[in-house]
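The feature heme c 1 binding site is assigned by TrEMBL to CYS53, CYS56, HIS57. The heme c 2 binding site annotation in TrEMBL covers CYS204, CYS207, HIS208. Per TrEMBL, the feature domain 'Cytochrome c' maps to 190-302. Here TrEMBL flags 1-27 as signal peptide.
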Amino acid sequence: MARPVQPVAALTLSVVAFGLAATMAPAETQIRIDLGRKLFYDADLSFTGTMACATCHEQWHGFTDNNRGHPGIYDDPAKRNVPGLANIGAFKNFTWADNSLGTLQRQARNPLLGTAPIEMGVSGHEDEVVARFATDPCYDKVFAAAFPERGGEVSLDTITLALAAFEKAIVSTDSAWDKAEASGAALANPTAERGRKLFAEKGCASCHTPPLFSDDAFHKVTELKEGEADAGLGDVTGKAEDRGMFRTPSLRNAAMTFPYWHDGRVETITEAIALHDPALTGQPQPTGNEVAALIAFLGSLTDHTMLENPAYALPPEACPLKP
C-alpha cells in the first residue's frame, strides 16, 4: 500500500510561479548560457559524434522525446523515460530516482559518463571528447569568455557547468494557468477551470504542487510488480522502504510530454490518473467526467512560449562571439 502524502503548501517551493525565472539562474552569465546551449545541441559531445543532449530532450516536446526511452549510442535500451526540463533549475532532485546528485552540473555528467546503460559513451574517452572542443577555434574563444576565472579551461567540469547554465535558463511561466494565477481570473475554458478545482480537491496538488507542479520529492505511486528490476530510489539508497519510489514529475507541458511514468509504460493521461493509488491522497478515484476536467486543466499548463522560444532552440551555426 502506498503511503499517504501530506499536503504541501505551494509557497514552500517558490514565492509565486512568476518568481521562478529569477530563482533559477541568478548567477549565470549570458555567454555561459550561450555556451551551454551550443553544447546541448552538439553531437560531438558523445563519443561517436552521433548523439547530443537535444537528441533526447526536444524543445517542442517539453524537452522530452515522446518515446518510452531513448537508446544510447550503442543502442543500449534506456532504463527510464526521458524527463522534461521545464524549470529544472528550481529543483533539488533532477532525475527519476537519485537524491544524491545535488547540482545540475553533477546530473549532466550522468548521460555523458554513465555505463548502466551507456548513453553518450564518454567514459574512458574523456580526453578525446574534450579535445574536440579545446581545439575548435570558436569553442576555445567562447570558453575563454565564459570561464575567465579559470583561464578559459575546457574540461568536463566546465562543459557540465555550461550545460547546467543553459538548463537553468529553460523556464516555463507563461501557460494559461500562469496567466490566470497572475490576474486572479478563472481559466477561459470552463472544463479546465473545473479541473483546476478538482486538482486541489482530489489531492493531486499534494505531490504535483504548484507552481512547479511537483513537490520535488520521491513517492511510491504503485506497488512494484514481482520481479520488477527497477527499484527506483531504493537502488540508490539500498533501503527497503525506498524501493519503488520515484520523483514526482512536473506536470508543466504534460500534454506534450507523453508517454508517462518513470519507464514510459503509460501512453495517456487518463491511464496515468487511473494508476495512482487512492491511498496516496485518501480520495476516491475521479469519475470519467472528473478525469476529463483534470485533463483539460493539465492542458492549461502547456506553455507555448517555452516550447517555441528561439532562445532554447538549435543555435545558429555562427560562433556566439564575433572575431
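The backbone N, Cα and C atoms fix where each Cβ goes, glycine too.
Nobody curates TrEMBL annotations by hand; they come from automatic prediction.
CYS56 (heme c 1 binding site) has HIS208 as its nearest neighbour among the binding-site residues CYS204, CYS207, HIS208, going by CA to CA distance. Excluding the listed site residues CYS53, CYS56, HIS57, the same chain places PHE40, ALA52, ALA54, THR55, GLU58, PHE63, ASP65, HIS70, VAL82, PRO111 with Cβ atoms within 8 Å of the centre of the heme c 1 site Cβ atoms.
Taking a C-beta cut-off of under 8 angstroms and a sequence separation of 6 or more, CYS53 (heme c 1 binding site) has the following same-chain neighbours: LEU39, PHE40, TYR41, LEU45, PRO111, LEU163. The Cα of HIS57 (heme c 1 binding site) lies closest to that of HIS208, out of the binding-site residues CYS204, CYS207, HIS208. Packing around HIS57 (heme c 1 binding site) is summarised by its Cβ count: 22 other Cβ atoms lie within 10 angstroms of its Cβ, all protein chains included. Residue counts for the domain 'Cytochrome c' (190-302) under DSSP (helix as H, G, I; strand as E, B; rest coil) come to 48 helix, 8 strand, 57 coil.
In this view, CYS204 (heme c 2 binding site) is surrounded by 23 other Cβ atoms within 10 Å of its Cβ, with every protein chain counted. For the binding-site residues CYS56, CYS207, the ranking by surrounding Cβ atoms (within 10 Å, all protein chains) places CYS207 first.
Taking Cβ-Cβ distances under 8 Å and a sequence separation of 6 or more, the neighbours of HIS208 (heme c 2 binding site) in its chain are PHE199, SER214, ASP215, THR248, SER250, LEU251. Sequence-ordered, the extra residues of this chain that approach the heme c 2 site, with Cβ no more than 8 Å from the Cβ center of CYS204, CYS207, HIS208, are PHE199, GLY203, ALA205, SER206, THR209, PHE213, SER214, ASP215, THR248, LEU251.
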